[in-house]
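Report on the following structure.
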Amino acid sequence: MGVCRLLILIRFLALSWFLAWRIRHPNPDAMWLSIASIVCEVWFAFSWLLDQLPKLCPVNRETDMTLLKELFETPNMNNPRGLSDLPGIDVFVSTADPEKEPPLVTANTILSILAVDYPVEKLACYLSDDGGSIMTFEAMAVAARFAKIWVPFCRKHQIEPRNPEAYFGQKRDLLKNQVKRDFVRDMRTVKRLYAEFKVEINGLPDKIRQRSDAYNVTAEAAERKKRVEKGDAVLEAVKVPKATWMADGFHWPGTWYSPFPDHARGDHVGIVQTMLLPANAEPVYGSPMAAGEEGVDSIGTSDTDIRLPMLVYVSREKRPGFDHNKKAGAMNALVRASAVLSNGPFILNLDCDHYVYNSQALREGMCFMLDRGGDRVAYVQFPQRFEGIDPSDRYANHNNVFFDVSMRALDGLQGPMYVGTGCIFRRTALYGFSPARTTEHHGWLGMRKLKLRLRKAKAEKKREDEISLRIDDVQTLEEDALDPEEIEFSTRSKMFGNSKTLIQSIPVAEYQGRLLDGIHRNKNYQGRRSGSLVAPRAPLDSSAVAEAVNVCSCFYEDRSEWGKRVGWIYGSVTEDVVTGYRMHNRGWRSVYCVTKRDAFRGTAPINLTDRLHQVLRWATGSVEIFFSRNNALFATRRLKFLQRIAYFNVGMYPFTSFFLILYCFLPAASLLTGRFIVQSLSVTFLLLLLIITLSLCILSSLEIRWSKITLHDWWRNEQFWLIGGTSAHPAAVVQGLLKLIAGVEISFTLTTKSATGEDGDDEFGDLYLFKWTSLMCLPLSIILVNLFAITVGVSRTIYSPYPQWSKLVGGVFFSTWVLSHLYPFAKGLMGKRGKIPTIVYLWSGLISIIISTLIVYVSDGHQSFWQLQFP
């Protein structure tokens, strides 16, 4: 990294020299062109510096799984039987629409979670169905039944990956490296049962409708009979609400197929259903296979633990006219419900299309949480890996530069950002507490002074900061334990709401998440003793489920700090980045865990339109962050300087788009007007340009080397940076300003997730889908204007009596460089058959004519102006 830092310094000095030379040597023949280019170059230099500074300290981490097992699952004095002493983990999976997020995809994700290699009694899986759909509910019930054979099969034969669709869909020999004789028989059995499982899931819509129609007919007949018995004349057909019915003969409390008050999307009660109960601490083994039997025993599980983790379906209450805060609100509801039901001190959140690809992933994440210094780690972020992307990765969907370069670099600072999925949280960090402050360099007097400073700061800040520091004084993790008897219920209820069960669970979660005694360097640190978590969770009862429903109600968060300081933070479409920022701002660290085998895998939109809308959502969230109190400029002193720059860059990068758009038109303007950004291609100009270019290439090659990405990944990232910067990013800035100035709310639709393997004819058929969007206008205009300008420039030079070849070469070179970046965009417009839709011709022709005319007009006008002012 010493070479990398030296190159950054060299390039910075070269950039400074180049910009100084450019400012001192403008082109008087094209002053407007010269000034515009200098302004853009100054901004690009500033943007490059913001991007490079956080990359000064990259790190690579490794885990020691053997040591984890030795510390937490080996017999000792406090745990003579060697039962698992690992803390519990609650896994959150979120979904909202069964049409755009197929239940089969969600069910496979759930199955991969239930089969992970982690103590069964310490694991609980929660599915948040924000749509309240009976389709999702019944699909989870079917998945819970199939898990009884799938999970033991995975454990018995060490299956990877433990997503049945991904496992059976692999393009490799499944018998390779298998030595157990009964594997073929078991695999055939499970594969057949999985095929039946898929048919059952896919048939749920018809099954539910037929069942509901039958029950509705019966209800109409009963109503008609009731009226006849009362003596009323039945002159018209008796109608009853077209309800959606569950299999047990009761109305579905969530969303009905035919919307009805209290049973419509966005208007239904809260639902909490435990589909798999918590497991006991002792292993439970099956029985040998019996001929002709099906189910768990059909694969022979006499030596296999057949217990299943806890599985809970949750659909929070929804009411019209109430701001439910989208995904952030759903996640906070899960935090509260899980605290009441299982209260795992750690939380893993996954999107419904991100499944567990590495069954050891949870253990690897816990290595960082339970290691020395782990009490200051708020979350462990895993990189996102994607499947179903075309081999050429036309639109940089893998995003390897961000996940393998930028995030690794941040790991050497205060830690990577939270990216919304594949992240293990410390529950107390989500509750808004500050990290445990080390007392190695402070005696009693030093700690007393620290508390006095905190109290003084509390008196000077606003209400939210006052609450924050009051908690720091009374409840911070630097003290021995969070004792609910020492803290008034009213104080806690202002933060967490009025659930006494939830508030009582907080100190329990804090204690269970502590390091073991002797691991922390500080001798005064009071960790938990070894063997203290070997006892199983308490069994659930009806009162616990009722309380879980209560904390998922719409009005529970009123007059509390949920979404402000506690849980996922509200107010941004990128609530993930804001939530991670708040934790870093309180002094927490985070860790980036890159496993040898990918921890999780998901899907990504691969057609141009969906990809642009995805980038638009991210960029809009960044603009919201920039114009909010979450701007890193207002961070506390607990946020390190380089980490502050990284977060500041998150809010700044969309604004680069305006300079980028202008710079993409400058080569065309040069060719159309016959003038260049400099008066002549002097040796100094060319030398500085060469140094800047070479240093950038060497820096990029070093990044590629230590991050282990490919040159192809880097180039695709560069291409889509320009595509997104000229399409989605300027639109995001406009949307953000509209929200700030006019209060226009920003809404986005869910990205459609397709079930894996459904389209056997063309695996990457979605790549060629073309859906027109206004985001395509600017990149299209840049392409056409530059092509037109190259034609004009070449023609002018060839037929000129005094051809200026240097200006032509400079203009054509930069125009070609712009077009090479936009090549994937142009290819995406053509679709599979290479035919450009008519609407593209209409928009492109109109915009190109306007811009080309404007360039020539502005050039002539400014030239006349300068001639008048400076004859």
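For all residues, glycine too, the Cβ spot is worked out from N, Cα and C.
Feature annotations, reproduced from TrEMBL:
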ACT_SITE  Asp130  active site
ACT_SITE  Asp576  active site
BINDING   Ser94, Lys100, Glu101, Asp130, Lys326  UDP-alpha-D-glucose binding site
BINDING   Lys327, Asp351  Mn(2+) binding site
TRANSMEM  32-50  transmembrane segment
TRANSMEM  646-670  transmembrane segment
TRANSMEM  676-699  transmembrane segment
TRANSMEM  777-799  transmembrane segment
TRANSMEM  805-826  transmembrane segment
TRANSMEM  838-858  transmembrane segment
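Here the features listed in TrEMBL are painted onto the structure.
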residue	record	Cβ contacts under 8 Å, 6 or more apart
Ser94	UDP-alpha-D-glucose binding site	Leu127, Ser128, Asp130, Lys327, Ala330, Met331, Leu334, Asn349, Leu350, Asp351, Cys352
Lys326	UDP-alpha-D-glucose binding site	Val573, Glu575
Asp576	active site	Met417, Tyr418, Val419, Gly420, Trp568
Other CB atoms within 10 A, centred on Glu101 (UDP-alpha-D-glucose binding site): 25
Greatest C-beta neighbour count within 10 angstroms, which of the binding-site residues Lys100, Lys327: Lys327
